[in-house]
Amino acid sequence: GNMASSHLHFKTNYAVSSKIEPFYKGGRVQISKDENYIFCTCGSRVNVLEISTGKIVHSVEHDDQEDITCFALSSDDELLVTASRALLLKQWDWRQAQCTRSWRAIHTAPVASMTFDSTSTLLATGGCDGTIKLWDVVKQYCTHNLRGSSGVIQLVQFHPDIDRLQLFSSSMDCSIRIWDLSSSQCVCVLQSHYSAVTSLSFSLDGDTMVSSGRDKICTVWDLKQQKAKRTIPIYEAVEGAVILPENQDFSQIGVKKPKLHFITAGSKGILRVWDPNTARCVFSQTLTGVSDNPRSLTHLLLLPASLRLATVTAEHNIMLYQLPGLTTLQQFVGYSDEVLDVKFLGKDDSHIVVATNSCQLNVFELASNSCQILYGHTDTILSLDVFRKGLLFASCGKDKLVCVWHMAGGSVRCVARGYSHTNAVGAVSCSRMKASFVVSGSLDCTVKVWDLPADLTAAEDNIHQLTPRATEKAHDKDVNSVTVSPNDKLLASASQDRTAKLWSLAGEGSLGLLGVCRGHRRGVWAVCFSPVDQVLATSSADGTTKLWSLQDFSCLKTFEGHDASVLKVIFVSRGTQLLTSGSDGLVKLWTIKTNECVKTLDAHQDKVWGLHGSRRDDKMVTGSADSNITVWEDVTEIEMAEEQAKQEEHILKQQELSNLLQEKKYLKALGLAISLDQPHTVLTVIKAIRQTEDNSELLEKTVLKLRVDQKEALLRFCVAWNTNAKNCQDAQVVLQVLLTHVPPEELLQYQGARTHLEALVPYTERHMQRIGRLLQASMFLNYMWQKMRVVGEPSRAPPLR
């Protein structure tokens, strides 16, 4: 509520204030030794996520844009090596994102696995060609070429005790090979698994190893005798097993004796603790909503110093847990598939809730990027809406469900569910006045009104079952959008059948049809009430947005400008402007009164399904099928304020300039005038200098004291003045100073010097011709005068000087 906003109604522009972009789409994940960073692949990049802030702080990318097949970070966190499809290995100073060296991998097929030894001097690469190469990264040469495995080398790992000089590997034949690096021989083949070996974990003394596999077993190996001690059935495809750190109290997760225990992650999506002596699971993680939601885990990583665990889910989410209790610390969303809807959430729009092409909802805290993942739907969530206070919201999806969620103290839980639609629910809208009901629209062509109980958030653990107060077959085709009017008395629906309809919500148990808006040539994607006028807005696949009168359902205005479907429309600026988003990836800002598009924001690469304005009307958020979410701030006032500040500063500078001229401080005056970047102001100063007593000397002295960039500007201004006969003399005088005293090679270094000098020539020639004519004319005058004096009387005329 500052001065500007009271008389400023129209927005003119939005600027991006933050973005949530994909950073991990599957593949390798590694955590730095200092436990501050997560490294992960994303196409042709390796991204570095800072765990404390949740932000991508570094990113390295192969300049050939080739996908990175594998990478490894050295044990001292200094060296990052990446391998690309083009069989190039690159070594990076990852903090500066600079490639310090690249070399051919010598493999005949892409690198599938790689690892450093504990001294950070040896790098092993396992290829899809069945060979393993070892590289001395200090001396920069290949030290070993290990052959004899069959198929892709999926895993390479050095024995943690460097003195043993052993490398472990596993390939398509499911066996684990131990290589003696002093002899380059495979000294042992450990056989136990029947499918891919996914991880190896070593005990502190280095004599015991646990291997995990997709064959649903883990094997404990005695490395002294090089044979299996025990094979434990895990009953799920295991993607990672980690031996729990020794000398810690893990009684909270079922570890009763201080013997070796390990933890597993895999297709069941939960962490489990195992006692190998009894082959029993002693602890199982409980997660809410898992029954409907198999979310298998693809990686398990131990952060020993801070006693944390990291898991990576098949949906590309990275979760951090604290041992010994396995409490959730942080959740990062590596990749949102297509964003289908996004809304602001929280008291001051502090959060956003996002529906992506999945059955989970993501709630991001905008300040920290940290995310809460909500489970409750069993199929893709299609639409969201938020109640006025911003703590309660509704979602609906392909699972025919309507869910209501409540946010308290930053954490969100499902408080109510409605089940009675017979097909996917594509639209949901919340009551506007107080949180009393929800409206949903479905592919079953019906619209339902669901009453909410008054004590919705009271019961902690039970989820209310909603029943519809009214069900109406509203349209002939899918209902794409529903919206409740600001006073909760009316409802509008929009459909694939090309119409929007207005309904009365007043009657108990039924919806009363008030009218139909006909005029769109294709399906109507979105419908929205004006916050102030008796007007409805619709947007359609025909590329137009229309405004309709609620009195007679006539079309009042049509806005054309998107070259494809308009997917969303919302009112901003107290109902005087519209924002629309399209399948062309654009967001447009329209002023209703003038029918014009005042700004086009080239926001996304694909359909913009999500568009929502903040309650204070100072921000908006967009979400697109390109997987990006963008938060924008209204910069109209900022831009107006900047403009105003510029003008005020300008007035002050003009004032200062006239003071400097009065005080005869010509150098300062000239410098100030040049900084204003206005040719006519600079000209005033030049003219002032030329009106002084010893003008030519003063001009020369002043011009030569200027900095190079100021002289550059002066040359540019001379070109402008020289085009005008009135000012050409000033231009020529300044030019004479520059050409006489600045060496030609220095002049040619000036920006655009050649162009400027060329532009001077034709005008200067014209001025010379004119001066020539003037000279001739003046000589003629002089001659006449002389003649007149001879003929006339003795000179009574005043002497001419």
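Cβ coordinates come from backbone N, Cα and C, glycine included.
Positions annotated as repeat 'WD' by TrEMBL: 104-137, 146-189, 190-231, 374-407, 418-452, 472-505, 517-558, 559-600, 601-633. Residues or ranges marked as domain 'U3 small nucleolar RNA-associated protein 13 C-terminal' by TrEMBL: 654-788.
Over the repeat 'WD' (146-189) the predicted model carries a mean pLDDT of 93. Secondary structure by DSSP for the repeat 'WD' (146-189): 3 helix, 23 strand, 18 coil. Here the repeat 'WD' (418-452) is broken down by DSSP into helix, strand and coil counts: 0 helix, 19 strand, 16 coil.
In this chain, the repeat 'WD' (104-137) lies out of contact with the repeat 'WD' (418-452); the count of Cβ pairs under 8 Å, excluding pairs fewer than 6 apart in sequence, is fewer than 3.
Secondary structure counts, DSSP: the repeat 'WD' (601-633) has 0 helix, 19 strand, 14 coil.
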